[in-house]
Amino acid sequence: MRKMLTAVLSHVFSGMVQKPALRGLLSSLKFSNDATCDIKKCDLYRLEEGPPTSTVLTRAEALKYYRTMQVIRRMELKADQLYKQKFIRGFCHLCDGQEACCVGLEAGINPTDHVITSYRAHGFCYTRGLSVKSILAELTGRKGGCAKGKGGSMHMYGKNFYGGNGIVGAQVPLGAGVAFACKYLKNGQVCLALYGDGAANQGQVFEAYNMSALWKLPCVFICENNLYGMGTSNERSAASTDYHKKGFIIPGLRVNGMDILCVREATKFAADHCRSGKGPIVMELQTYRYHGHSMSDPGISYRSREEVHNVRSKSDPIMLLRERIISNNLSNIEELKEIDADVKKEVEDAAQFATTDPEPAVEDIANYLYHQDPPFEVRGAHKWLKYKSHS
């Protein structure tokens with residue numbers, strides 16, 4: 001009788017697991033719902049207390065973060081491939097290796113908050129809500145791109161995301177302006193203004209620091225310190241590489257930018273600081289890019305292959321999260337491999353769209369220059385050629 005009952009139950013459950021929803025339900029029963037994780041303490045400047053040194057990671061959060069980071073990694077590697085196949089032309093700056101920054105920052109703020117960054121923007125485009133399809137299509141200059149094929153790699157925009165900016169450091173005072181708008185409107189929102197260590201010595205950055213401190217603007221200045229500004233190491237370009245201290249009277253913190261949980265908790269802390277009316281704060285994210293500065297830079301003339309390999313093998317952000325997930329029984333290798341396969345298909349489908357979607361028509365070149373009805377004559381257009389639509 002017992003053998004018969006066992007056989008029946010085995011048959012029932014084997015049939016159930018063929019259905020994805022039930023399979024997911026059954027698999028989740030053997031995993032922990034959450035785990036308390038220790039994270040590295042941040043270095044503080046002009047702060048008595050900083051972010052916590054432990055945090056709770058739920059299973060749902062872990063799988064979401066893992067998938068998002070894998071999407072960004074595969075999307076950037078696909079962009080590398082499309083560039084080499086000449087589907088992508090012009091400038092192209094990839095962020096593989098820095099995924100914990102993109103995902104951790106978004107996890108620490110609200111969708112209604114604001115983000116502005118430099119030309120290394122693809123990952124932030126995705127975390128701000130743009131699809132892989134629209135990002136890759138923008139890279140290939142197609143109509144289905146997030147900027148209708150007119151912005152390319154460096155000029156992508158989305159809801160509460162202001163680029164993608166091509167001039168080194170130029171986005172920082174713009175971010176201070178967005179923060180000024182938040183304070184003026186009294187909406188309780190903050191702006192994350194990101195820049196690299198190469199831009200950290202720009203004069204306009206310090207001007208933005210000053211005005212933000214003077215007016216107590218809700219701006220989180222974030223230096224993504226990946227150790228190199230183009231091909232120059234930060235030790236050769238900066239008298240001090242303590243970027244979290246460069247705000248002078250503005251408090252700051254230095255964060256392990258390869259650990260998504262460190263980034264998330266530091267971002268929450270910084271955003272709360274700004275929302276409380278204390279003014280701006282500076283965050284330095286210690287991170288690393290695997291590619292060169294851009295696709296025209298092989299990235300090995302100013303650093304060794306051994307250096308890159310060492311970072312990949314010891315500090316890769318996706319690897320660190322995967323190990324944390326498995327060690328805390330939030331998932332297993334089999335489930336994570338299923339996510340990997342799903343991500344691979346999503347990126348491949350997006351790449352297919354990005355290489356077959358039509359390019360914008362020539363007649364469309366003067367469209368979308370103005371928000372509302374523009375003057376009939378459009379500056380920069382051929383003086384003998386007038387387009388039917390300019391809006």
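Cβ atoms here come from the backbone N, Cα and C positions, even for glycine.
Look at Swiss-Prot and you will find HIS93, TYR119, ARG120, GLY158, GLY166, VAL168, ASP197, GLY198, ALA199, ASN226, TYR228 tagged as pyruvate binding site, backed by similarity to another entry. Among the features that Swiss-Prot reports, thiamine diphosphate binding site is placed at TYR119, ARG120, GLY166, VAL168, ASP197, GLY198, ALA199, ASN226, HIS293, with the record citing similarity to another entry. Residues annotated as Mg(2+) binding site in Swiss-Prot, with similarity to another entry given as evidence: ASP197, ASN226, TYR228. Residues or ranges marked as phosphoserine in Swiss-Prot (evidence: similarity to another entry): SER294, SER296, SER301. The transit peptide annotation in Swiss-Prot covers 1-30 and is backed by similarity to another entry.
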> Can you name the residues of this chain that are 6 or more positions from SER301 (phosphoserine) yet have a C-beta less than 8 Å from its C-beta?
Replying inline: GLY231
> What same-chain residues, at least 6 away in sequence, bring their CB to under 8 Å of the CB of HIS293 (thiamine diphosphate binding site)?
Replying inline: HIS93, TYR228, MET230, GLY231, GLY299
>> Can you give me the same-chain residues 6 or more apart in sequence from SER294 (phosphoserine) with a CB-CB distance under 8 Å?
In response: PHE91, CYS92, HIS93
> Once the chains shown are all counted, how many other Cβ atoms turn up within 10 Å of the Cβ of SER296 (phosphoserine)?
Replying inline: 9
>> Between the Cα atoms of ASP197 (pyruvate binding site) and SER296 (phosphoserine), what distance do you get, rounded to the nearest Å?
In response: 20
> Which are the residues of the chain, ASP197, ASN226, TYR228 excluded, whose CB is within 8 A of where the CB atoms of the Mg(2+) site average out, their centroid?
Replying inline: GLY196, GLY198, GLU224, ASN225, LEU227, GLY229, SER233, ASN234, TYR288, ARG289
> What is the Cβ neighbour count of TYR228 (pyruvate binding site) at a 10 Å cut-off, with all protein chains included?
Replying inline: 22
> Given the recorded positions GLY166, ALA199, ASN226, SER296, which lie close to TYR119 (thiamine diphosphate binding site), meaning Cα to Cα within 10 A?
Replying inline: GLY166
>> Radius 10 Å, atoms counted are CB only; among the binding-site residues HIS93, ARG120, which position scores highest?
In response: ARG120
>> As a test of the contact definition, list every same-chain residue at least 6 positions from ASN226 (Mg(2+) binding site) whose Cβ is closer than 8 Å to its Cβ.
In response: GLY97, GLN98, GLY196, ASP197, THR287, TYR288, ARG289
> How many other Cβ atoms sit within 10 Å of the Cβ of TYR119 (thiamine diphosphate binding site)?
Replying inline: 23
